[in-house]
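**Q** Dumping the structure here so I can ask a few things about it.
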Amino acid sequence: MHLRMDQWKHAFKLDPDRDLSDDALEKICLSGTDAVMVGGSTGVTFDNTVDLLARIRRYEVPCVLEVSNREAIVPGFDLFMIPIVLNAKNTDWIVGQQHGAIKEYGAILDWKQMMTEGYIIMNGNSAVANVTEADVKLSLKDVEAYARLAEHLFRCPVVYLEYSGIFGDMEWVRRIRGLLSESRLFYGGGIDGPDKAREAAQAAHTIVVGNAVYNDLEQALATVKAVRE
Ligand SMILES: CC(C)=CCC/C(C)=C/CC/C(C)=C/CC/C(C)=C/CC/C(C)=C/CC/C(C)=C/CC/C(C)=C/COP(=O)(O)OP(=O)(O)O
Ligand SMILES: O=P(O)(O)OC[C@@H](O)CO
Ligand SMILES: [Mg+2]
């Protein structure tokens with residue numbers, strides 16, 4: 001059950017480690033977005049994740065946990081997205097963390113609720129690049145190879161081109177989407193309003209809006225309508 005993930009055009013990503021008022025959260029959940037993803041690369045704990053899940057559950061929007069560390073695995077989400085950071089130099093973020101989690105929960109997991117994301121980290125200055133020690137010196141050919149690897153060898157339903165914090169090269173994003181036939185291309189990074197949302201939505205299958213929620217909520221909300229035009 002992937003909640004029609006194959007049809008998502010837009011998602012918001014909320015960080016349990018950042019403050020968001022009830023009013024802002026209501027606007028996000030009623031915005032018409034296809035899903036709310038919960039995740040962040042630092043400061044995500046069991047407690048702040050449970051707290052955010054409970055608040056989002058007042059609304060009907062699909063709510064997905066993008067698992068960011070083993071301590072922050074919380075049951076009760078509609079879907080669990082498991083990142084595999086393909087260009088991590090620290091292999092803990094390719095199979096190590098996942099292995100540890102499966103060792104702990106493997107016997108009780110509902111695998112139909114799990115979905116892998118083949119992450120390609122593009123912004124060397126992002127927190128996620130720092131955590132995973134990502135090798136961001138990538139040519140287009142490198143990125144293409146990672147995308148093919150994620151789709152055909154790892155069979156990830158999602159390939160995630162992660163520019164977190166900066167707006168990426170849309171020509172590259174378009175090229176990667178063009179390669180994929182089974183996996184869906186998620187793009188995230190620097191979408192701060194409707195113009196960039198429109199541009200990114202023309203290049204990727206699904207766009208993800210994160211920091212804008214905290215920096216300029218009205219602009220963030222306007223990204224939903226922009227991808228529906
Ligand atoms: C019954 C029960 C408990 C059910 C739960 C089911 C479940 C989920 C079981 C676990 C199954 C499993 C295999 C889990 C994997 C666990 C795990 C920790 C995997 C590693 C994930 C990973 C590689 C994380 C690296 C960081 C990352 C890619 C995070 C994603 C979010 C992200 C990129 C946020 C953006 O961060 P950024 O903007 O750079 O930084 P800020 O946070 O500062 O904004
Ligand atoms: O925070 P921004 O830059 O919008 O990026 C969104 C998301 O891809 C982060 O994981
Ligand atoms: Mg962020």
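Even glycines carry a Cβ here, placed using N, Cα and C.
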**Q** Quick check: of Gly32, Gly190, Gly193, which does TrEMBL put in the same sn-glycerol 1-phosphate site as Lys13, Tyr160, Leu161, Glu162, Tyr163, Ser164, Gly165, Gly210, Asn211?
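**A** The record-listed residue among the candidates is Gly190.
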**Q** Considering all pairs of residues in Lys13, Tyr160, Leu161, Glu162, Tyr163, Ser164, Gly165, Gly190, Gly210, Asn211, annotated in the record as contacting sn-glycerol 1-phosphate, what is the maximal C-alpha distance expressed in whole angstrom?
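**A** Taking every pair of listed residues, the largest Cα separation comes to 17 Å.
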**Q** Please identify, from the binding-site residues Lys13, Asp15, Ser41, Leu161, Gly210, the residue with the sparsest Cβ neighbourhood, meaning fewest other Cβ atoms within 10 angstroms.
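**A** It is Lys13 that, of the binding-site residues Lys13, Asp15, Ser41, Leu161, Gly210, has the fewest other Cβ atoms within 10 Å.
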**Q** Out of Lys13, Asp15, Leu161, Gly165, Gly210, which binding-site residues have CB atoms lying under 6 Å from ligand 2?
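**A** If the test is a Cβ under 6 Å from any atom of ligand 2, the answer is Lys13, Gly165, Gly210.
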**Q** Using a Cβ cut-off under 8 Å and a sequence separation of 6 or more, which residues in the same chain sit near Gly165 (sn-glycerol 1-phosphate binding site)?
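**A** Non-local contacts for Gly165 (sn-glycerol 1-phosphate binding site): Asn123, Asn125, Ser126, Gly189, Gly190, Asn211.
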**Q** Just counting, how many other CB atoms are there within 10 A of the CB of Tyr163 (sn-glycerol 1-phosphate binding site)?
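**A** Total other Cβ atoms inside 10 Å, all chains included: 21.
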**Q** Looking at the binding-site residues Lys13, Asp15, Ser41, Tyr163, which have a C-beta within less than 6 Å of some atom in ligand 1?
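**A** Going through Lys13, Asp15, Ser41, Tyr163 in sequence order, those close to ligand 1 turn out to be Asp15, Ser41.
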